[in-house]
Amino acid sequence: MRSVTSVSSCRVALLLAVVALLACVDQVGSSVGANRTSALEEARLQRENLVRKYLKRLKKEDGAIKLVGGRGDFEGNVEIFHSGRWGAICDDEWDQAEAEVVCRQLGFPGHLKPTHTGHFGRAKRKFWMDNLYCGGKERELADCHFDGWGTNDCEASEAAGVICKRPEEDEPATTEKPVPVEFRVPKERLERSKLELRLVGGRVADEGRVEVRLVPADGTGLPGAWGSVCGDGWGLLEGNVVCRQLGLGYANNAVQTDFFSGAEEGMEAGPSLPELLLSGTECYGNETSLADCRHDPIGWRSARCSERRGHVAAVTCVAQMADLVFDHVELEQSLHLEDRLMYLLQCAMEENCVASQAYEIQRENPNWHLETRRLLKFTARVVNTGTADFRPHIPKHLWEWHLCHMHYHSMEVFATFDVIDAGGRRVAEGHKASFCLEDNQCLPGVEPRYACANYGDQGISINCSDIYRHNIDCQWVDISELDFGEYTLKVAINPEFKVPEMRFDNNAATCRLLYTQTYARVFDCKLERP
């Protein structure tokens, strides 16, 4: 009891100290003339942010959030407080809007980057939230739509995080910053050395933990000792580079694990595991060598990892792999506008398939069902041109039954639809929570194998297409609040790189979008990475 009282006293003392400090700021500010009005206003805003942040931390109320695993309180994996316990958040559908809400709730002026795949380490707690959908203007993360407290199908490596903008990094209001913003961390690529790698500890030659060592590029001198790679943020983009460099094909799994580290359950890694040499690896996915990727300064003392010593990067390589390509010609030919009564959108609204303003209308207008929404509709055709079938990563027993559509959905985030303005800001999005994959159309001589009906197996066979036609629920972008003009439409499949593919630079179509009072059309489409 004494220790609990001591902790409480410390917290109260800390809060009193903060309040006293802010009182001094007020006294100093009050003695300054009218020419310091802007400075006083900035000090007042910083004071409000500071008080709100510390009050939220000291009083663990439902919906409080914190960042863990980062270099400071401005970055880390997001955890939220609910029912007396802290819990993690899954990175499914985690993007700029959710990151903005988190950073604003914590008192920061904005966000720099949302992070995925356990960028700051694996989730150490139960997942409280999955499939978050925020409009970006919510006061707190708990105000956003999600599947329900504790409802998830996520692994520990799918922790969502953010990097927030600190007050001193804020820019003047007159400076427009394009979104998404690439956060330039102090990372580097190797220039004077080569990076050799190998797989160790696997059951076969095509799998294992990744080990690296430095080799002088000019061929003089001896190679360095082998070292481990930190698992933080390790994913399929990095795994594909490793398998390509080793000549082993493609990454079927890229995991953050201690399975290959020589550790027994409940014990630290065995003595055969080398020290950490490489951390913070970030690959675009098309590099020929891991040395071409960005990473923390390499070295025994420079590498850092959020987990214990046995938590390392590992891959499983395979020779055959699926490769999905989005059909932008079908997109151009099928895109059109439709105005639809909200009464006919009730099923779609249950899946968050309309803009956030529609839900405000539903709450405030008793005749909301008579209002209309303007939908930008199109057909999404996805072709598997690879050498293996494309299968969902969620096990069949975890597929979700959707009563509105009368079939099971096997993919939570298979495609995203975004409308982007000239400044790079996303001004409208299509939110489609779940997908059913099947062979709708195949080349002559190819027999369809996958179907959604009757709890059938789902996937996309080689040389077959999965087609979501424009007349299917949620196959649209709600642009009811969008001004007329020219925009960019970006449609991306497998956008979070959750399912392995040969490559990802043909998974998105970016097109110019012309929106007028009477029609909409897209043109000049090109394929690129999500």
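Numbers here mean position along the shown chain, with the first residue as 1.
Even glycines carry a Cβ here, placed using N, Cα and C.
No curator has checked TrEMBL annotations; they are predicted automatically.
The signal peptide annotation in TrEMBL covers 1-30.
Along the domain 'SRCR' (65-165), the predicted structure has mean pLDDT 89. Per TrEMBL, domain 'SRCR' is recorded for 65-165 (among others).
Marked as disulfide bond by TrEMBL: C90-C154 (among others).
Non-local neighbourhood of C164 (disulfide bond): L67, F74, E75, A99, V102, C103, L106, F108, G110, H111, L112, each in the same chain, at least six residues away, with C-beta under 8 Å from its C-beta. Annotated disulfide bond per TrEMBL: C103-C164 (among others), in sequence order.
The disulfide bond annotation in TrEMBL covers C134-C144 (among others). Listed in sequence order, A97, E98, E100, V101, L141, D143, C144, H145 are the same-chain residues at least 6 apart in sequence whose CB falls under 8 Å from the CB of C134 (disulfide bond).
Marked as domain 'SRCR' by TrEMBL: 197-318 (among others).
Look at TrEMBL and you will find C283-C293 (among others) tagged as disulfide bond.
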Lowest local Cβ density (other Cβ within 10 Å) among disulfide-bonded residues: C90, C144, C283: C144
Around the Cβ of C154 (disulfide bond), the count of other Cβ atoms that are within 10 Å: 19
Residue pair C283 (disulfide bond), C154 (disulfide bond) - Cα distance, angstrom, rounded: 23
DSSP-assigned states of the domain 'SRCR' (197-318) in counts, ordered helix, strand, coil: 14 helix, 40 strand, 68 coil
